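Annotated signal peptide per Swiss-Prot: 1-23, in sequence order. Swiss-Prot lists 138, 167, 168, 172, 362 with the feature N-linked glycosylation site, giving sequence analysis as the kind of evidence. The annotation disulfide bond is assigned in Swiss-Prot to 320-385, 349-417, 353-419.
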């Protein structure tokens, strides 16, 4: 029975999303279809596979993702999704993990992707007074038609042990410790554009930040120019170089230098961080637009207000109107790769378009003429009850490469119905 339910859910979802003929669905809410007239198991399996492929293609996927249990969804991506979900709610606060940059970037993008670096590429020689690391992010999964509008490199840094704010420093601390308390050091981000044999990489500075030792937080660096060059084919992706300049001048103790090196989480510590490292790894976030529809943070207040107005109208029971339809991703096994939401209210349109068409049926002039002709010639069909207003939803999911994506998909929710 479970297989039948899943099959019917796929058929229902396919009809809603692909055919656009939601008025043909004779069910309300989560009411299940009857099993009458169903195809043979072999036919149904092939039919469902074809529909699933079409749906995955609509999502920009070549095959159904099967992420491993070790796949990590960065908290930052979850925060971005929640910020989208609260869009239009003026009382909702922006999460602390993100700045204004993310909000501005998301307002211009309909696709947000996150990438972790390839750890085997990260080591570079340590130089006196600074720590240097190389990072390579594989961006080949970004489609060619997606234009990158912005990109940020996010680095997590811990408070340096003993570097609490000056106000909290012990009165018995040494002079050097007091000088160090609440100190600063600099993080530089470079684009590597050449790697000569046996020499230091050739690089250009992208962004820099003077950071305080006494704070634990994420730092965001603008790397848009480099990522745009790489994804547009105008430059070769050799990765980034991160340089941490320690505040001590001249001779420094190795222990003190190592402490500052660990302050910025640019590499995994041996035999440590097994649990914390996945959520503290450097993260590259790209913001792009494929030319289809609204941005992730596009407001829906106007449509929702129009919908509330439509609900208040008194409509005849059998006339064309919107009905409840909830799509549960767990029913079709898609909750394995769709992180959020667990499902959504798709709705559908059903009802009569009788002559004469009433004003609340949201009809076009053509539908009025067609219904008028039908009243004298039954060979001409009546106008049909169809969606007249559709809105997007955002999905947070893992693709076939286990990359975490937040994307806005158009025309997924019926907001209004009418006779057309």
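Numbering starts at 1 and runs along the chain as displayed.
For all residues, glycine too, the Cβ spot is worked out from N, Cα and C.
Shown on the structure are the features that Swiss-Prot records.
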| residue | record | Cβ neighbours (10 Å) |
| --- | --- | --- |
| 138 | N-linked glycosylation site | 16 |
| 320 | disulfide bond | 28 |
| 349 | disulfide bond | 25 |
| 353 | disulfide bond | 25 |
| 362 | N-linked glycosylation site | 17 |
| 385 | disulfide bond | 24 |
| 417 | disulfide bond | 27 |
| 419 | disulfide bond | 27 |
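For the pair formed by residue 349 (disulfide bond) and residue 385 (disulfide bond), distance between Cα atoms is given as 6 Å, rounded to the nearest Å.
For the recorded positions 138, 385, 417, a Cα to Cα distance of within 10 angstroms from residue 353 (disulfide bond) holds for 385.
The recorded positions near residue 417 (disulfide bond), taking a 10 angstroms Cα-Cα threshold over the set 138, 362, 385, are 362, 385. Residue 320 (disulfide bond) and residue 362 (N-linked glycosylation site) are 9 Å apart (CA-CA, integer value). It is 50 Å from the Cα atom of residue 320 (disulfide bond) to that of residue 138 (N-linked glycosylation site).
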